Structure formats: structure tokens, C-alpha cells
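Peer 1: Starting off with a structure, shown below.
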Amino acid sequence: MKTTFLDFETAISELEEKIDQLRFVQDDPAVDISDEIKRLEAKSQSLTKDLYAKLSPWQIAQVARHPQRPYTLDYASLMFTDFHELHGDRNYADDKAIVGGLARFNGQACVVIGHQKGRDTKEKIARNFGMPRPEGYRKAMRLMKLAEKFALPVFTFVDTPGAYPGIGAEERGQSEAIGHSIYLMSELKTPIISTIIGEGGSGGALAIAVADRVLMLQYSTYSVISPEGCASILWKSAEKAADAAETMGITAARLKSLELVDKVVDEPIGGAHRDHRAMAATLKRALADALRELEALSPSELVEQRYQKLMSYGRYKEKAA
Amino acid sequence: MSWFEKLIPPRIKRGDSSRSKSIPEGLWSKCEGCESVLYRSDLDSNLGVCPKCGHHHRLRARRRLDQLLDPEGRVEIGAEVTPVDALKFKDSRKYPDRLSAAAADTGEADAMVVMRGAIKTVPVVVACFEFEFLGGSMGSVVGERFVRGARAAFEERLPFICITASGGARMQEGLLSLMQMAKTTASITRLAERRLPFITLLTDPTMGGVSASFAFMGDVVVAEPNALIGFAGPRVIEQTVREKLPEGFQRAEFLLEKGAIDLIVDRRELRDRLAVLLAMLNRQPADVVVG
């Protein structure tokens, strides 16, 4: 698959094009340019590394939304075995913007839940661009209760622009569904590990991200509102999205320093979309580490620890009474 | 725009609209529902409900608590918690400047007031949003004050009530404010362990992060008439679906019809209804409600 380059990657994309042309020429046995290709490949690699070492928050937001970024179902097949997708909220519909099911993680049975975006236009529409409706959250809750009943750990993968703002979603209780899912996760008696893999868009993301451990991929974002939304409200102009991204603090590094996420998982050079397998391998190790720590705790210790963690969120000052 | 409006110089139009806004400050008040001109004192003595059309005007947090709680034995909780600018947030204005402007306008340090007291002698803890403070937005202070209220209810074995009036999460605190949704909601799980009632009263408006966290987790979810309650704002939805929203969409009556809330209560009956409901959930005899 040919890599899709972002606006700020023009230099890399031009170099890669040149490499492709040379490779084509190389098929001619009369000329040997393999050294030249190697040299350019190394240059492209170091160019990518330098560029990605100093991405702005707004550029990171573009990488987080990259059309080739691995999605939940990619991780389900790369990090888990025996994934069996389970469907529906038993009430209204099967929301394809959230997928979930039973799987094995290093041989151990578990529940996997995550937002799912589509690759092509048809799938994007079917999955509503990863924006769940209430039935998506209700399906997620059903699977979490299943996990609790059978003492299985839960892995969630967060990647959504936000919960869907539509008429039907409001009519069927979008707020209640999200609030209820947060409530359920905060007292679920089984380990929950959440990973922000792409866009962590507001309440629609948090609804499946209340966890014992919250991991964030290096170039993922997590925010209370999209940079565009924030800019259009506070600056009255969506053009100011880059400024909003900067000031809101949406990147993994910034959120780790605010102690709102537990671990930042490094991505392959040039982002997760360049190498799904390498990304999955790194993330799998991080998930295994997190699970090992949590399995040492009893269900009541687990819930108590999670509660204390949630209570610690927030920055304020306190006058002596 | 009609030909007539085009003739009016813009300055005159602007002057007009600012004058109509300033009316409520004086002796007279114009009902926002039916536009009747009312004596301010009549509106006040009717708890901010229009005596002509029943429109429920928005209330400031302290006035709301004053209306709801018995005068005796009120103690404020969490006032010691005040805001900081953790992100050094700056849009067209710096966050600390917005905070101090809001504080000067409202006399509050943040968008929530929590009080322990009683409703018709039934003891409660009540957390009330102050919509006039940055749109009642929920940041770290709102979250912490809410949790201190819930904790006081837990420790003293009292019911907890939250009165919402909020546009949602506070953007100027970034993800810290999103996390308040989890923090507040998690604190409610503790009350359930002790069978302590949690009642939410949703007032105009209750949107976004407040609506999508603990608002619908009440054992009983009450709303005021005609309150706007929803996840996404009507404008955002209209832009997304590109169609006209149905009449009364996201209003309390609409939510009742859709099965999203338990009941709509007129503000003038609120004290009576809440006291009776609390006594029943407390498994107390009817005569504990006095007054």
C-alpha cells in the first residue's frame, strides 16, 4: 500500500517519489544504482525522524487522523487471536462505529471494545466515521458486563472524532448512554486498560476510556473538544485550529505531564500508519505489562485504586478553611 | 431582511437591542416566554416563574438554593476550592482574565455552589451550578466541589441532589475538564453502596459534558418545564444533519415523551415534591416532611 503523505510531509513525499522512480529504473540490469537507492532511503528515514521529532500539536492531530492509521479491528487481528466480534445492544441496533467481542490476549480470554472508522467511502459511511450513537455505547456496556461476569479483562481502543450529534442519537439518549458507560466503567470489577490509538474526541471517547490504565500512542490526541470546535467557539474562526490545538494540550506528552494518562507508547518512525505490525508489537508489550500489574490486585482493590485515580483528576488551589 | 429594516441605520438597531437586555435590571421585568411586562417583585416572589405564562426564568445558584432549602442550618461545602490556570490557556483572552471577569460579575469563585441543609426538614446536600459563571462550565473546581458534596453526603448518610445548568465542559481547562465527567460520575457510585438517594434536577440549559455524565444517573431525574437538555447543541446538530430540528426538540417535554427523564416539576411545587420523594427513598414515614 502506498503511503498517503500529509501537507507538512512534502519533502519526504518528493524524496519517496524519487526512490520509486529509481527502483523502476533499477529493473534494467545494465545500471546498478542500488547504492544510490539505499542512500536516499536512509535520507528519507532521517528526514522523517527529524520531522516527527518536532511535530506541532496540530500536525500531530493530522497524524492521529491519518487515513491509513491502524484502527481497532487492525489491532484486534494483530495483537489478539481468536477474535469473535459480538454484535448489537439487544435493544435497538448494532452500531458499527463501535466494535467489540471476545478474543485471546497471549492465550488469555478477554473482551476487546473499540471505536471503528472505515477505510473506503462505503465503510466510512457504514461506520459513521467512527462517531457512535447511543446503541454503540450500550453495546459496549453489555460487553463490559459480560467481561465482569466471567472475570475477563477489558481492553478498549479509543479513536473517534466524538459521539454523533444527530437527531436520532439525541432522541435515544446519547447523554444517558455516555454517562451510564462512564458510571459502569468506574465501578466494573475487572481490569480495564484503555489505549488512545487515534483521535480521543471528547465525551464520546471518554465513554469507553475510564480505566485502570490509560495508554496513549505517541501521535494520538485526546481532548475535550476538537481543535476546530474550540477555535470556532473561542476565536469565532475554525482557521485558528492550530492555535487551539497548541493551547488546549491535546498531545500524549503534554497529557502525560498533567498525569491524565499513564503511559505514552512510542510509534514507529513516521507514525503508526507506516508500519502496522511494528506498532501492534510495541503496543502489545505495553498492554501485557499493564495487565500483569493489574492482575496482582483483587477486584475490590482494583475498583478502589481506579476510584482514587479518578478522584485525583483536576487542578485547583485550596485556601485553609 | 425586509426593505424597512434596511432603512434603519445599524446604530439605532444596536441601541435598541441593548436597551431591551437591560430591562430586567430595573423595577420592571419582561418575561422571556410571553414578553409580558411584569413587576420584578412579582416575578421574584413567584420564584422566577412568569405568573402569566409559567415560563421558568433561569436562576442564580444562591437564589435557587435559597428557594429550595429551609432557612435554618445551611452550611456551604467546598468554597475553599478555587480555580487555577493549569494549562496557561489563552485564546482571544487569557483564562485568568476570564475567571476574574466572571468572578466580578457573579460574586462567585467558580460555577458551582454546594450546600448542606434541609428541604422541609429532610436533611440533604445540594450541589448547584451557577450558569452565569462562564456558562456553568465544568472544570476542576466544579468537579472537586461536587465530589466534596457527594463525600459529605456519603459520610453523613444524606441524600445528594445536583441542580444542573451548564453548557458543558470548560474548554479552558482542556482534558482536565473532560476528566471531571469521570470524577463526578464515579463519586456517585459510592452513594449507591450506602443506598443514599441521588436526585438530579435538570434546568435550562443542561448540555454537553454535564448532561453526558452524572445528569441522567440520578435515581430520580427531574427536569424543569421547557428546559433545554441534550448532548450536542441544537446548532451543531443542525449543521451536521442539515435539516430543521423538530418542534420542541431537546426540551424537557420532549425528553419526557422519549422516556429520558422521570418527571417535570413546576418550580413552585419543587420543595414539596423533592421532600416527599426523598423521604420515600430514605424509607422514612410520611410525617418526617414538616412545613
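Each Cβ is built from the backbone N, Cα and C atoms, and glycine gets one as well.
So TrEMBL has the following annotated:
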| type | residues | note |
| --- | --- | --- |
| DOMAIN | B:27-291 | domain 'CoA carboxyltransferase N-terminal' |
| BINDING | B:Cys31, B:Cys34, B:Cys50, B:Cys53 | Zn(2+) binding site |
| ZN_FING | B:31-53 | zinc finger |
Peer 1: At a C-beta cut-off of under 8 Å, are there same-chain residues at least 6 beyond the zinc finger (B:31-53) that contact it? List them, or none.
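Peer 2: For the zinc finger (B:31-53), the sequence-distant neighbours (Cβ-Cβ under 8 Å, at least 6 residues beyond its ends) are 24, 59, 63, 67, 226, 266-268.
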Peer 1: With a radius of 8 angstroms around the mean position of the C-beta atoms of B:Cys31, B:Cys34, B:Cys50, B:Cys53, what other residues of the same chain does the Zn(2+) site pick up?
Peer 2: B:Glu32, B:Gly33, B:Glu35, B:Ser36, B:Leu38, B:Pro51, B:Lys52, B:Gly54, B:His55
Peer 1: My understanding is the cutoff is Cβ-Cβ under 8 Å with a sequence separation of 6 or more in the same chain; which residues meet that for B:Cys34 (Zn(2+) binding site)?
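Peer 2: The answer is B:Cys50, B:Lys52, B:Cys53, B:His55.
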Peer 1: Over the span of the zinc finger (B:31-53), count residues by DSSP class, listing helix, strand and coil in order.
Peer 2: 6 helix, 4 strand, 13 coil
Peer 1: Looking at the binding-site residues B:Cys31, B:Cys50, which sits with the largest number of other Cβ atoms within 10 Å of its Cβ?
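Peer 2: That would be B:Cys50, with the highest Cβ count within 10 Å.
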Peer 1: Near B:Cys53 (Zn(2+) binding site), how many other Cβ atoms are within 10 Å of its Cβ?
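Peer 2: 12, counting other Cβ atoms within 10 Å of B:Cys53 (Zn(2+) binding site).
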